[in-house]
Amino acid sequence: MLDREGFRPNVGIILINARNEVFWGKRIGEHSWQFPQGGIKYGETPEQAMYRELHEEVGLLPEHVRIVGRTRDWLRYEVPDKFIRREIRGHYRGQKQIWFLLRMVGRDCDIQLRATEHPEFDAWRWSQYWVPLDAVIEFKREVYQMALSELSRFVQRSHRAPLSPYGRGGPHRERDGRDNRAGGQAGRNDQNTRGQRQPPTLMVTTSTVIVETVITSRPAAQPIDSSNPDDTPSKDSL
């Protein structure tokens, strides 16, 4: 289902935990990471499509999350020609997306990447809010920038821990499986440097990647086919 301009209606999902870290999924059989996303089927509302994709790709149910916000309008990105079959390059241009910001109210163990027969991810992790801007494939970077920026105001309103004032490229922390004892030293450092303008620095950390064994005969993602626009090999992940 394409609109008159050649864009497929789609939803994107930013799932955050209590520490304002975002769910970051590794595409099955590939080395690329992205947010959950998927096409809106005929007759579905964006919210209905979001809950369906959330279960299909992450294994979560509506009771595991709370909707914090959504983008006001469609955000669009174009898919490069090398990812599109030649016969539809004049028709299909890319995706137009409504993005949802969800607060995780369930537990990490509720996340099940094998909730369906055709999983999208084979590993996941929690990452600092702005990290995906530098990690996502280039042609999605601008729409990630717009979605994260627009929805960041809801994160600050709904949680007492503010987002990093450095934004993109600044200090960040990814979960390393330990407790928050490092926060005490960070607080003391903040007191020592209060009132001084400090340049942004990059903190290199080790994050925990949760890998699930996914047995599937599904081949690697292929260029988008026109036979069924709502059921591409990559589940509208391009």
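Each residue, glycine too, has its Cβ placed from N, Cα and C.
The motif 'Nudix box' annotation in Swiss-Prot falls on one of the ranges 38-59, 148-169, namely 38-59. Taken together, the residues of the domain 'Nudix hydrolase' (6-149) have an average pLDDT of 96.
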